[in-house]
Amino acid sequence: MLSSPFRLPASSIKHAKLLSSLPQEPMLLRALGAQQKHQSTVDPQDVQKHTDLKSQWWDTTGPMKALHSFNHVRIPFIRDGLVQIPVKERTTTPLCGQSVLDVGCGGGILSEGLAQLGAKVTGIDASKELIELARTHSAGNTKLQENQPTYCCCPIEEHAPAHTGLYDGVVASEIIEHIDNDKKELFVKSCLDTLKPGGRIFLTTPTRSSLSKVTVVYMAEYVLNIVPRGTHDHSKFMTPTELTFLLERNGCHVEMVLGLCYNFVTNRWTFTKNTSLQFALQAVKNA
Ligand SMILES: C[S@@+](CC[C@H](N)C(=O)[O-])C[C@H]1O[C@@H](n2cnc3c(N)ncnc32)[C@H](O)[C@@H]1O
């Protein structure tokens, strides 16, 4: 059976039982609270798998090619969610004046695209080597001379406390499926903490479905060898309903969920009504 991110993990149930059976000993309770506070969303093995792809990160024909071509649809999706002015009145840098946090930015593929549209981008990632790569690559990008993203090696739960209510937009593209199910709530809550009231969060992720098990995992990793084997753990994927539920119970309203389809042959992404393979979600933080 697939583990659901919405069922309390066994450790939390044990923790709750332990707490209720304990005498009200303040020091012990404080220690348990502190232990929970120091939970990490980082799965070191997963982050290492991404770090191992460092030398191929910016190769548009390599294992990251789908993330490169994904920019053609995800950047307009994010832009249109953040910019509420008519297309005719927009400049070539419509995100000018908007601060955007790119959570799990890797080598900076999406951060650079958003900065080119004028956004003041902060990219964070748990991999030190990928953050170094992102910094070096952006420094060499002539289109970003006037607007370099800022990069920081740090998981979201460590970034959030010092950056509460700071960003107009938070982007978490192709990362929540790499977060353990019992850490997803901490991940979402930390992302939302950094957002201004009325700010928007954008997430893209593969859907947990039989179709994605066959295509995103089996086809891509074992038949076509587009991405290295073991990149994805299907039991960590979410459905649009689960992600909507998680976001809304943490203080925001889901405005849009769109299905996405990836053509392995043409390396092109398209939006579709069907969310059974992959989806993009936009939500606004309650004021
Ligand atoms: C599939 S890559 C996506 C990169 C980027 N978002 C993009 O779409 O171009 C996932 C990234 O998330 C990072 N990551 C995984 N867990 C993380 C966490 N808890 N905090 C920050 N980064 C994390 C990994 O190191 C990796 O670079």
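In case you wondered, yes, glycine gets a Cβ from its N, Cα and C as well.
Listed in TrEMBL for this protein:
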- Arg74, Gly104, Asp125, Ser173: S-adenosyl-L-methionine binding site (BINDING)
- Glu174, Glu177, His178: Mg(2+) binding site (BINDING)
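Location within the structure of each feature annotated in TrEMBL.
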{"residue": "Arg74", "record": "S-adenosyl-L-methionine binding site", "DSSP class": "helix"}
{"residue": "Gly104", "record": "S-adenosyl-L-methionine binding site", "DSSP class": "coil"}
{"residue": "Asp125", "record": "S-adenosyl-L-methionine binding site", "DSSP class": "strand"}
{"residue": "Ser173", "record": "S-adenosyl-L-methionine binding site", "DSSP class": "strand"}
{"residue": "His178", "record": "Mg(2+) binding site", "DSSP class": "helix"}
Listed binding-site residues with Cβ under 6 Å from ligand 1, out of Arg74, Ser173, Glu174, Glu177: Ser173, Glu174
Shell of the Mg(2+) site beyond Glu174, Glu177, His178, same chain only (C-beta within 8 angstroms of their C-beta centre): Gly104, Ile175, Ile176, Ile179, Thr205, Pro206, His232, Lys236
Binding-site residues near Glu174 (Mg(2+) binding site), in sequence order, restricted to Arg74, Gly104, Asp125 and a 10 Å Cα cut-off: Gly104
For Gly104 (S-adenosyl-L-methionine binding site): intrachain residues, at least 6 apart, with Cβ closer than 8 Å: Ile124, Asp125, Ala126, Ile156, Ala172, Ser173, Glu174, Ile175, His178
Number of Cβ atoms other than its own within 10 Å, given for Asp125 (S-adenosyl-L-methionine binding site): 28
Distance from Arg74 (S-adenosyl-L-methionine binding site) back to Glu177 (Mg(2+) binding site), taken between C-alpha atoms, in Å: 17
Count of other CB atoms lying within 10 Å of the CB belonging to Glu174 (Mg(2+) binding site): 20
Least buried by Cβ count (within 10 Å) of the binding-site residues Ser173, Glu177, His178: His178
